[in-house]
Protein chains: 4
Amino acid sequence: MARLWYRYAAMNAGKTSSLLQVAHNYEENGEKVLLLTSALDDRDGPGLISSRIGLKREAATYTSSTNFLERLKDVEVACVLIDEAQFLTVDQVRQLHRWVHTNDSPVMCFGLRSDFRGDPFPGAAMLLTLADNLEEIRTACRCGKKATMNIRIDEAGERVQEGDQVLIGGNSRYRQVCARCFYS
Amino acid sequence: MARLWYRYAAMNAGKTSSLLQVAHNYEENGEKVLLLTSALDDRDGPGLISSRIGLKREAATYTSSTNFLERLKDVEVACVLIDEAQFLTVDQVRQLHRWVHTNDSPVMCFGLRSDFRGDPFPGAAMLLTLADNLEEIRTACRCGKKATMNIRIDEAGERVQEGDQVLIGGNSRYRQVCARCFYS
Amino acid sequence: MARLWYRYAAMNAGKTSSLLQVAHNYEENGEKVLLLTSALDDRDGPGLISSRIGLKREAATYTSSTNFLERLKDVEVACVLIDEAQFLTVDQVRQLHRWVHTNDSPVMCFGLRSDFRGDPFPGAAMLLTLADNLEEIRTACRCGKKATMNIRIDEAGERVQEGDQVLIGGNSRYRQVCARCFYS
Amino acid sequence: MARLWYRYAAMNAGKTSSLLQVAHNYEENGEKVLLLTSALDDRDGPGLISSRIGLKREAATYTSSTNFLERLKDVEVACVLIDEAQFLTVDQVRQLHRWVHTNDSPVMCFGLRSDFRGDPFPGAAMLLTLADNLEEIRTACRCGKKATMNIRIDEAGERVQEGDQVLIGGNSRYRQVCARCFYS
């Protein structure tokens, strides 16, 4: 049975590298994949998936108005891979879940859980609710503990606690922290 | 570092047995635990945690107006164990997360992810967003696949697709299913 | 596809409770299971599986000369559940692995990883090598850290570091510890 | 508490990419790591760790006569990362386990579980026995199921079932398979 996966992590854990590795593994087996990323995230140009470690690859994009039941209708691939999946809407996650289980075709999503204020991304919360398999990609806080939260910093490196949920602008404005450091 | 845990499962997986086993393990080590369950769930009398396999035990109760920062203020136990945690409010989950990480004291929550319509329980979605560790307690659909969803059935055994989120009344009105059976 | 599972843990984690819960879940779904335990372990009489929390149930037994390809030949159950699986021989684990994948029928094994000297149980090492899914049942050391090792104690409660691998005699002679406490 | 990790996988899953990502994450946090690989594996020149996806990096090497308690004596790094860890000896794994827990310093090992005959690598079996955390890096068989086993193929692409455990020579002579395909 095909599954909807959510591989979640804090910032800077290697989510995109993990996605590109999965794509590579399928293709080494002679199979096709579809890569999608959010049109919100234009830090490397629209439709480019790039990881901090240096891997890059073109991808199709989705917006908040994409209907995935339409978008995936005639797609025939071994796996659909979605980066920045915290930007999916709640309805889009429902569409993906239904598509996986009525087409028996897997979808793997990669993304965050909570924003810099500790609030959920709505699409991420729905992925955590519906995904058949949840997998964490671990990374460490500077204090050495497992990072589960994210903070936003301003240009001077000071922590910012208020503002809009989304401020796309590269890794330099966000940092992963453990929950203890988040509260202190 | 103490952690907030969410052990989630579909109906009838053994969540309560797992909670009572954890309590037993702590107590065998000579330590104290605090058991809490929702006052909503009165199927076995207020404040009784009971598992289908036959284990039973008294527990304190919480309601949607419990403030956990107050409730846990002078509690000194090795672990707080919370059953039916899908009934926590979003704010209560925030309180528990903050309490764990400012007091360095663990809390383990046990509960569902989604209701019979496939909608999230708000507190469960927040636990999935903030918990330091997510662990699934697996159980099977009647078709043999892993159950991740729940359905409600009426007295005649027919599936019900509309109604209020909460209808406490024992296992007989709910059944765990895999996502494929959920959509078919 | 059916799988060979190994749910491993240190002593006193609740392995047997977990096994009995899985059996209960299958039977609630109207399915049959086969329970097996080692004839080595006669602490509760031959063929009795019992957990510290108070659950008990009869089981068939296996010895080191059981050939599982023979033993399971005409068995038609939804799942075979094996307790004290660290006492399986290496060849028996190979038989179980082959049986799962040529009959498409699941086997779940529950047991330890290492003995009181930190040495592997040969059957456990083979289960860790071949099982399709490895799952840990967590429990804590008295110091609060995750217990991964076991120590043997004598009647006076003193740690014993030499002796035979197997000394069946109830929980009272063994205690789970974290690796740091194991070395100190 | 520092831990000994074993991230295991079948061939071609991305073990080396995962190792290089972990190194990158530590270094982004301003910390040092020590990378070690087996001197047995000279497919990319001694002391070079390279992944199929294109990442490469120099590493120190270890042989079967390396004593890790000596080798790591004055090493001060945030994490020791060991590739091709199935080639560690049983004693070397014991040394690493002891070192982690007496120095409170983490070691992450990446490697296989079983060889092309389905036999354990002795060092891998010991890592599976002692590691504080076991994590699987998943990859797929050509049939779509999860690959857990490995097969060796000759120059004509035919499966080889007998021979020495170790035949270093690149990915072209090995292929990952699920257990069902392994037996058929």
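Quick reminder: no glycine exception, Cβ is built from N, Cα and C everywhere.
Taken from TrEMBL, the feature ATP binding site applies to B:ALA9, B:ALA10, B:MET11, B:ASN12, B:ALA13, B:GLY14, B:LYS15, B:THR16, B:ASP83, B:GLU84, B:ALA85, B:GLN86. A coil conformation is recorded for B:ALA13 (ATP binding site) in the three-state DSSP classification, outside any helix or strand.
In the three-state DSSP reading, B:GLU84 (active site, proton acceptor) counts as coil. Residues or ranges marked as active site, proton acceptor in TrEMBL: B:GLU84.
Cβ-based neighbour count (10 Å, all protein chains) for B:CYS143 (Zn(2+) binding site) stands at 13. B:CYS143 (Zn(2+) binding site) falls within neither a helix nor a strand when secondary structure is assigned with DSSP, and so counts as coil. Residues or ranges marked as Zn(2+) binding site by TrEMBL: B:CYS141, B:CYS143, B:CYS178, B:CYS181.
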Among B:ALA9, B:ALA13, B:ALA85, all listed as binding-site residues, which has the most CB atoms within 10 Å of its CB?
B:ALA85
Could you round the CA separation between B:ALA9 (ATP binding site) and B:GLU84 (active site, proton acceptor) to a whole angstrom and send it over?
11
What subset of the recorded positions B:GLU84, B:CYS141, B:CYS143, B:CYS178 has a Cβ positioned less than 8 Å from a Cβ of chain A?
B:CYS178
Can you figure out which of B:ALA13, B:ASP83, B:ALA85 (the binding-site residues) comes closest in space to B:CYS181 (Zn(2+) binding site), comparing Cα atoms?
B:ALA13
Give me the count of other Cβ atoms within 10 A of the Cβ belonging to B:MET11 (ATP binding site).
20
Is there any among the recorded positions B:ALA9, B:ALA13, B:LYS15, B:GLU84, B:ALA85, B:CYS181 whose Cβ is under 8 Å from chain C, and which ones, in sequence order?
B:ALA13
Distance from B:GLU84 (active site, proton acceptor) back to B:MET11 (ATP binding site), taken between C-alpha atoms, in Å:
11
Of the binding-site residues B:ALA13, B:LYS15, B:ASP83, B:ALA85, which sits closest to B:CYS178 (Zn(2+) binding site) by Cα distance?
B:ALA13
Taking only the recorded positions B:LYS15, B:ASP83, B:GLU84, which one has a CA atom nearest to the CA atom of B:CYS143 (Zn(2+) binding site)?
B:LYS15
